[in-house]
Each structure stands twice: as structure tokens, then as C-alpha cells.
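Asker: Annotations per TrEMBL:
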type	residues	note
DOMAIN	1-134	domain 'Glycosyl-hydrolase family 116 catalytic region'
REGION	147-183	region 'Disordered'
COMPBIAS	164-173	compositional bias 'Basic and acidic residues'
COMPBIAS	174-183	compositional bias 'Acidic residues'
Amino acid sequence: MSDQLVGHWYLTLSGSNSEVFQHNCVHSVLKMLYEYNVQRFNNGEMGAVNGMNPNGTIDRYTMQSEEMWVGVTYGLAATMIIEGMVEEGFKTAEGVYRTVYEKIGLGFETPEALYGQHKYRAIGYMRPLSIWSMYWAYTLHQRKKNNASVSDDAVQRDNPFPEEPVKRTRPVADDSDSSDVSQ
């Protein structure tokens, strides 16, 4: 499945420096996903299909496995970028962009899912906003490449929402104020 490293994606982009998954395993999975789920799906020109069989054919057992999910593909691309597979990450995302914007013209109504041939579903979906994680991944990758430390301080400094959210409490009526709604 193309989203099998979503936990790693989230932890890494959240600034966690903990190695939950072994580095060599992450790279092995990313290389396999790029080779199979990206390159063998529509000639590598459409993003990452969710499911791929070991023999290189699309898994058509369920509807979801034969789809390319825009948000998941952008998340996978961001994971590739943060792990140093920058060219592969941008190539993966380029397939989504060219399909959604240039081929089917749904740039402002991005669908949740696309199929290999002439079908899509659920336009106006929000998960494609994960494209912004590619920007953050590239920023973190550049810092790593330049030997700059990505500390919690750096993450806090670049956080667009540095202040704690306002906590509002809702008054709760005590039992004596309640009325029977069945009357």
C-alpha cells in the first residue's frame, strides 16, 4: 500500500527525531513504492496507486486498492523528499499535478481518488492539501543537507501558529436547570 509509511511521514514532519522505523527499512519501502506503485502505474505519469501485487500488477481486489489517492500520493512524495529521494518525490507529485490540472481540469475541485483510465470520484476533497507537507519536507531536507540541525526550536520558530489556541469553556447547566425535553 502506498500509504504504509504515513506514520513515519507524520512523525518526521512534526519534528520528531525519534527513529521509530529503521532508516534502511524506510528507504527500502520508499524505493519499492516508487518502482512499483508509481513507475508501474500509468507509466509513472499519474502518482502512486494504492495497491500493487508482488508481480507488478495493480491490486484490483478492492475499489480502494486500484485507486490513486491524491492526498496519499502527496504525503508519499513528501516522505521521499524528507528522506533524500527528492527527484523521485517530485516526479511522484508531478504525475498527480499533470493529471488533475492538465488532463482532467479539476485543479480547484481536486478529487479524492483517480483510476488509471478515465474515472475519478469525490471532487472537492480536502486531503490533497497534504501537498503543503511537500514544502515542509523540502525545507527540512535542505536543512539536513546543509548540516543545519532541525531542532524543536527550529520547528517552533517556523511554526505558523506559535501561540496556544484560545481555550473556551462552555458553561454546563447543572441538573437543577435541566428540563424534560419530552414535554
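Each Cβ is built from the backbone N, Cα and C atoms, and glycine gets one as well.
Surface or core, plus neighbours and distances: that's what I need for these features.
Answerer: Restricting the average to the domain 'Glycosyl-hydrolase family 116 catalytic region' (1-134) gives a pLDDT of 87.
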Asker: Summarise the domain 'Glycosyl-hydrolase family 116 catalytic region' (1-134) by DSSP state, stating how many residues are helix, strand and coil.
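Answerer: Reading the DSSP string over the domain 'Glycosyl-hydrolase family 116 catalytic region' (1-134) gives 69 helix, 9 strand, 56 coil.
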